[in-house]
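Notes to accompany the following structure.
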């Protein structure tokens, strides 16, 4: 648990900054350690780690195009991460974000077709709202089932994800299919006015990245700077204690799951409005499951989701160049991610154990 | 509809460039770098392997460098992969091979890279809608399924043949219809049971679908999914005979394998790359069939009878001669609507076949 | 040859489906059941399953013996389990998250080393024809039963007996319910959890080998469609009871056969929805059998996912 808030400030300044330094230094050290272990893997197979990492850097962050490649992959990871992190603040493990993404995307696309004649300023918010409503409803239902029927949220969300994907495919290939979408069944294409464009930042990255970042900040304010977030944390630690204190646990659960689902719905909205221009089976490519990893690596802190998602996107952006230049299989990046994430999660055992970061222990009274 | 084949394509090399409305894409260079992108693994015994075999033939050419990426989903991923190949490897000719790469991904990226040529498999390029540095090519593989159907028609004892299909899109429907119509050349009583799995690649569901076909008494089975390996092995294990698709699957069950409809991209790809290297223009809309070397048939297996072989050879010769129609009147779909009146026919290169939305009479299944 | 069974085709297909498709679910969920009973969760069994599928296929191909392949898959699974069990002993390490990271690593390693085994053809596990008594080919086909399925069924009952009656089984349950209580009676919780996780991993590895060596019986990157993750979730559905794990796996397999079978008897539209039958049925049963306020009934007390 996050113990920084309770630490006694014996040495003002240092006591505030050292824990924050710890929160950066440990993951960075773990990242380096993970890359070192992966280097051994590469060496053992006769590949050059130096070549590998210079290619990863080049492909992910080395040029303006690399940044475009990386950042354009971030948006769905941010939203999918929030879909896991928000309920997790209440101790709920929701792993079905994939379904809310699919249905959210479909809702956005169908609304967009329906509102085809409206200008973007009206149509786009309506599409986003539809996506959030459907996504929120889907995951909110998981929360509701938990409260009303005592249904475990982990399995319910996973089952409902499969059901949502089936529903999406059924509707895209049936009722909402555009007959002109021949080889790839899709909904009718969105009007140009209802497409989300790029942000004015010099590289072509659509607004999903900006909105996702803002959403993470807002969610952080909610979870870490409001009484609601505080109440959620208490309920997450101990439901009974929260109930004894009169906290509205049921409302919190429904609220946080709904909000998480709404975020996943937004991921679907941006996939449809910024990338595909219609809803189709390509909404289901595993972003929801990647979001689980993002949220856990960020320790369910909405702000930390941003750097984690960018790092993950950078790794994925480099996969192609690695395949082409080093003739390594595409799974190489998966192996690297696996090793790095194991090290990052393992490093959590170090928090509070390194004396340097704990000034209150410097003058050992022993 | 004019017939645009590989032969005319190769003949047009250079000469047609001047008359073409298309901008010269300045492909001639010392070394040409060509990019191939696959939606699945390139050794899937199927769709992706067929393209990768074509890429391997290009790799063997002098003065050509080939870069490849596999398992690239039809999302922002493929857009990035294409641009990454262009920016980092100087790729001038791209073959993004999956159906779903075309719209919107290739259509979004191509206008930003005018010096690069995007060649897409199966897309329906049209001059008034699409960028000129995009081209689409495909083959009349339905004819291969028609020939599959003839061997199946002779081999079936139950008069029921089976088809495991991914999704009801025109390409797949044409294959199903062709397979049955081929079999009905042997015996008009034959029916074809189709099962849609809803996914291009999903091993267990494909196996379950194959078992369901065998349970229903289908004794010759073929498929249209990305990787036919599972269907072929499962069908063979249920003692059904099999017809291959995409690539040659006879090594999986040599005794049960009748024949198969295979892509033959090697010739197509080397031809296009050669055109590009010589500074010529690749036509934007290329189609070809058995006669043009776009598709080929697997060698006939030991379970093919002499009578079957005779009819197969005769039909193949007719197809090779050109102008052959599998879809011809009088023909109804399986809901009773007239598809073609008596005397009406859709020749293999008829563009109407590429927006097929029906299953013919005798196919048990529905398109939605 | 085969006869036309009409609508009877559907239940017979479900019977066959239950037997064919359930085995990976069964092994993974039994493995996870054992692990979770000791108070640890391993969400990474999907990765273990995929790696087991690859390792089993590769070793079966190299040695020519599918049973050696199964053994190799079990060993590989045990190694993953041991690693997860060892690493989760460290204070502050989240076992849910670590499981997800190991899922990624397992899948990554399987795809990485499995590239060269996609094309070769490994020998399949043999099936036992339990349907000899019937003249109907469909029934005979449905009752082609793999030995691993039989082992799985026996194991489910054995494990239920083991948790109730065996000394070690009781110790595992004590450790799972309360670390302190376990320490008080002199049981080492870390050791028990380590080996329970390793054994769980081994079972998941065998589940993977079934996929690649029997049904569908080939190795490729799409061999698992999330069976490992689903099986882990089914343990919650089964309320940590091995016999219920068997029931859940059978239900899942049988319901999975509904989609294709309905298409063969003329119900041809809406197949996506019929394919979702296993999920809908499981969810419906879950809702019906749950009780408000008792979300975690039967859950081991130390389990992080239900704490």
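Here the Cβ of each residue, glycine as well, is placed from N, Cα and C on the backbone.
Noted in TrEMBL for the protein shown:
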TRANSMEM  C:6-31  transmembrane segment
TRANSMEM  C:43-61  transmembrane segment
TRANSMEM  C:67-87  transmembrane segment
TRANSMEM  C:99-118  transmembrane segment
TRANSMEM  C:138-163  transmembrane segment
TRANSMEM  C:192-213  transmembrane segment
TRANSMEM  C:245-263  transmembrane segment
TRANSMEM  C:269-288  transmembrane segment
The transmembrane segment (C:192-213) vs the transmembrane segment (C:99-118): 3 or more CB pairs under 8 Å: no
Best-contacting stretch, by C-beta pairs under 8 Å, relative to the transmembrane segment (C:99-118) and drawn from C:43-61, C:67-87, C:138-163: C:43-61
Criterion met for the transmembrane segment (C:245-263) and the transmembrane segment (C:67-87) (at least three Cβ pairs under 8 Å): no
Residues from the same chain, set at least six apart from the ends of the transmembrane segment (C:138-163), whose C-beta lies under 8 A from its own: 2-3, 5, 9, 12-13, 15-16, 19, 22-23, 26-27, 30, 33-34, 37, 70, 125-132, 169-170, 172-173, 203, 206, 209-210, 214-215, 241-243, 245-246, 249
Non-local residues, at least 6 beyond the ends, that sit with Cβ under 8 Å of the transmembrane segment (C:67-87): 31, 35, 40, 42, 44, 47-48, 51-53, 55-61, 93, 95, 98-99, 102, 106, 122, 125, 148, 193-206, 208-209, 212-213
